[in-house]
Every structure is written in C-alpha cells, then in structure tokens.
Amino acid sequence: METRVDTLEKRLSLEQSRTITLEESVSQCVVPKMEELLRRHLSPQPSREAALGHVAPAVASAAPNSTAPTNADSPVGMPQQNLQHGLLAGGGRALPQANASASTKPTECALVTDGGATVPPAPSSEGAAPASRPSAPPPTAASGATNPPASLHEAAERGDAAAVQRCLADGARVDVRDKDVITALHITASSGRTEVVDILIANGAAVNSCGLRSRTPLHCAAAKGHEAIVSAGGEALVEAARGGRLEVMEALLRVGAGAKESREEALRAAAEGGHINCMVALLDAGVDVNARDIKTKHTALYLAAMNGHAECVEVLLQRGAKKDQLTEEVLVNAALEGHLDVLKILLRVGAESREEALRAAAEKGHTGCIVALLDAGVDVNAGDIKTKHTALYLAAMNGHAECMKKLLEKKATKEQLTGEMLVNAAREGRLDVLKVLLGVLVDAKASFNKALRAAAKEGHKDCIVALLKSEVDVNAQNNKHWTALHYAAKNGHNECVKELLNNGAKKELKNKKGRTALDLAKLNNRSACIEFLQD
C-alpha cells in the first residue's frame, strides 16, 4: 500500500493544470474495475473530497492497532501519525501517507460514489470474495453508468449525452457555472466530447462564455487539440452570422474559429440576413468579399440584393464587390418585392432588364419602384415579348389603382384597358380601380351595364353608386333578362336594392322565367328586401 500511496502523491503533485483527475488516480491505484465510473475530465469539489476520503480506510486498515489521536481535519478520522505529508488536494484536505509498519499486502477498500452508493472493492489476488459485498446500483438504461449524474456538469464530465439531455429536460440551466466558474460546455470542449458539445450548443450554450483566465469553450478545445470541436466552431460562426449575433461571432473570430470556407459562408449568411455589423466584422477579419458559394456560385452581394438589404449592398460595393452578379434577375426581383432602395442602387450601377422590372412592379403594385424606373427612362408602353401585356394592363388586372394613375400620367396607352377589366373591378369591389377605368373607358356602355349587374350580385354598394353616376342603364337586362335589381334582391343585398330603387330601377321587370325581383326575394326568404319591394 505504501508504494501505491507514494505513486498517488507524486501524480497529484504534478497535477497543476488538472490534466489528470484525482478520481482517475484513485481508480488506477485502488479499484481498477471502477475506472469507467470514475473517469472524469474536471471533477467538482465534493467528488474530489469524496475520492480522497476513500483512501483513508485502506491506510487505517494497514495499521489496525494504532491508537494515535485523530485530527479533526483529516479525512474520516485518519490517525494523525499517518498524516506524514502536507500534500493538499482540492478542498484543502490532507492526503494520507502509509504507516511505516503497515503490511505490504494490498488493502482493499470500498468507494462511495457521488450519489452515496457504495461500490465494492475488487477481489484480492487470491480470488477470495469479501464476506459481505454491498450491491451497486444497476446501470441506467440511457447511459449505462453505474450511478446517474447528480448535475449537468457531472453528466458533461462523463460525456454522457443521454444524461446531459435528461438534466436539461429537468430544467438544468445550460450555462450554469460550477465552483471553478466554468460551464458544462467548457468541460465537454476540453474533453472533446463532440456529441455533448452539439447538444449543449443546440440548447443555447454560450460559446463565448469566459471561464478561468477568460478562456472560452473554443479556447479549451484548441488547447487540448480537439480539432473536431474547433472546426465545429466554423458552424457556430455561420449560425452566429446568420442570426446577427455579433458578440458571439466576434468571440469565435478571436479564437480562430472556422476555416476559410466557413468564414466565407458566414459572410454570405450575414449578407443574406441583412446583418451589416456582422458582415463588416468578417470583412475586417479578411474574408474575401467576392467569395462564391461552391454550389450556387452566389456571392454576398447577390444575396444582400436579392433579400432587399440596401445598406449591405452599399457596403459590399464600397469594399470591392464585383457587380457581375447584379444581373437582370436581381433587378426584376427588387421590383417584384418592392425593394425600392436596392432597385435605386441597381439602376445607378447599370443593371439591365428594366422594362421587365417595370412590368413586375406594376403587377405587384409597387408604385415607388414604378416611379423610379420611369424616372430612369424606361419605356412606359413596353410590352412583354410573348403576351404583349404592358405595365398598365398588369396594374389594372391586379387592381393597383395608384400604379395605374402613375402610368397614365406618364402617357401609358389605354388600348389594353378593356371593358372586362371594369366588370372584374366591380365584381371584386375594387372601387378605386373602377373609378380610374370609368375615367378612361368612354366607349364601353355594354360593359358599364354588365359591371352594374356584377356589383349588385356581389353586394358592392359603393361600386353601384359610382357606376350610377356614369352613363349606365339601371334597368339593362342580360340574355336571361336579369337586371341588377333581380340579382340584388335574390342575394339579399338590402342596401343595394334600396340604392337601385332610388335610382329608377323598375320592380315589375321579369326575367325569362317570368319572375320579378320581389318573386326572387320571396323564394329566398329575403325579408328586408321584400319590404323594400312591396312599398
């Protein structure tokens, strides 16, 4: 036993950087079978003291007849004569030295785990089993450990991914610190437990959290040579850039996280998300402003422009971004999405496909983009090569009255404005579009009457009022002899019935089936309409 304790003392005296844990030393000296249980990277204070305490019974049993007084500060009542060295561990408790008169035969002892369970000693060299062997707790189903961890830090030390997940599910705070001011992520990064690292980061562990000597988890991983963890820092860098987490990203850059490709991807992610500060930090760190995605060949400039981030586009251009990716697609996309500031930049640098962009802006109703394009000299009457549709046609068909007004102000031709557009506007209740069309369609009386019936059928009173102010026949009938009043009465649109009657609608007119508006109201139980029509 003397030789083993001496060995333990020497190993502990060399443990300045805690690269070898006390439990590991004890397990090698006393209970080899429990090596898997006690193998931990950084031991919490209670575990370290407990491990020291387990050596005491072994030394005490080596000198059973000793009657020396005990020291209250010695572990588990250790005889004072056995405390021949002042070697202190973790909690300031003295490590015992073997008694000179002790037997040289190895003495077996039981270990008490962190959870309080007793672990039996290993069998002696003669193979004799102890007379009374306490039973150890069965392994847990999830981790296979002899004793479940009491804390997130212990689970992290063991590299037990399942136990880490259980601790987090039970409410453990992912960034809680132990007595050494370090988090579970520091521990797993130091030990290279990539699976546990992934779990902790996924649950919000702060990768830039500083522990002792201001070391982050990535510092710990790099110091221990865990390349997988450090390279995973590249993924964290990209995610930080994508989420606009500048402080996290800067911390990762300071410790050298991410290879060249990861940093370039982070730049594109920052540009895509419009995180200008992250983008500038990466450019200041030397990332190539023109780096392209391996698959898509897209640059940060392309992604910033496509997502409408004008400030990012300006910065990238100032930092030397090539304009070759500011293609027709980018300009048309800016017009479609209404990214006016980006569109103005693109026009300034000479982006092409301006006529298509004008039609796109008109189709989606982006008046500001239309004005910018027209001010840049785009032909207001340029039609699509296949459909021949102009911007005015697309604005009218999609109900964008303000766009129509701007285009008409710029002398857009009216030839593509049809009576059917008027009918559609009345049917859909687009009063503003209806009014614009009423002002430019002077030779479409048939469409006016059809529009009145459509508005009455759908119950759009405002459209009826606007149409009645134009040259419309309130009693005009379709091929089934239905009038606007027939449709309004059948569908129970009381206010429309009242408005039509006030403007000369005839109650006695019959459809092809010989039914009046009152007949239709009665058939459909429209009581309010019946009252109006019976007066």
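Heads up, residue numbers simply count up from 1 along the chain you see.
Every residue, even glycine, has its Cβ placed from backbone N, Cα and C.
What TrEMBL lists as compositional bias 'Low complexity' is 59-72, 124-134, 141-151. Taken from TrEMBL, the feature region 'Disordered' covers 59-158. Among the features that TrEMBL reports, repeat 'ANK' is placed at 147-179, 180-212, 262-294, 296-328, 353-385, 480-512.
For the repeat 'ANK' (262-294), the DSSP-based tally of helix, strand and coil residues reads 21 helix, 0 strand, 12 coil. Here the repeat 'ANK' (296-328) returns a mean pLDDT of 95 for the predicted model. Secondary structure of the repeat 'ANK' (353-385) per DSSP (helix as H, G, I; strand as E, B; remaining residues coil): 20 helix, 0 strand, 13 coil.
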